[in-house]
Structure formats: C-alpha cells, structure tokens
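Here is what Swiss-Prot records for this protein:
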{"type": "DISULFID", "residues": "4-18", "note": "disulfide bond"}
{"type": "DISULFID", "residues": "11-22", "note": "disulfide bond"}
{"type": "DISULFID", "residues": "17-36", "note": "disulfide bond"}
{"type": "SITE", "residues": "10", "note": "site 'Critical for insecticidal activity'"}
{"type": "SITE", "residues": "27", "note": "site 'Critical for insecticidal activity'"}
{"type": "SITE", "residues": "35", "note": "site 'Critical for insecticidal activity'"}
C-alpha cells in the first residue's frame, strides 16, 4: 500500500517511483542525487 514517489523527488530505488525510473541527477549544489524521472 506504498504511495509512489512523484517525478523530481529523491528516491532510493526505481521501483518506488511513479514512473518506475530513479536516476542520478546533479542538483543545484553540484551533488549527484537519485531522483524519480
């Protein structure tokens, strides 16, 4: 009954994203963070 994580939000694994895809992106501080696509 877990709610999926929306696009652009931090994610631990792809399976938790509404889109089913969680990839590394560079944030405004230049750090690499995983976010839902």
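The backbone N, Cα and C atoms fix where each Cβ goes, and this holds for glycine too.
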Whole-number Å value for how far residue 22 (disulfide bond) lies from residue 36 (disulfide bond) (Cα to Cα): 4
Residue 17 (disulfide bond) versus residue 10 (site 'Critical for insecticidal activity') - Cα distance in angstrom: 9
Residues satisfying Cβ distance under 8 Å from residue 18 (disulfide bond), sequence separation of at least 6: 4, 5, 6, 7, 36
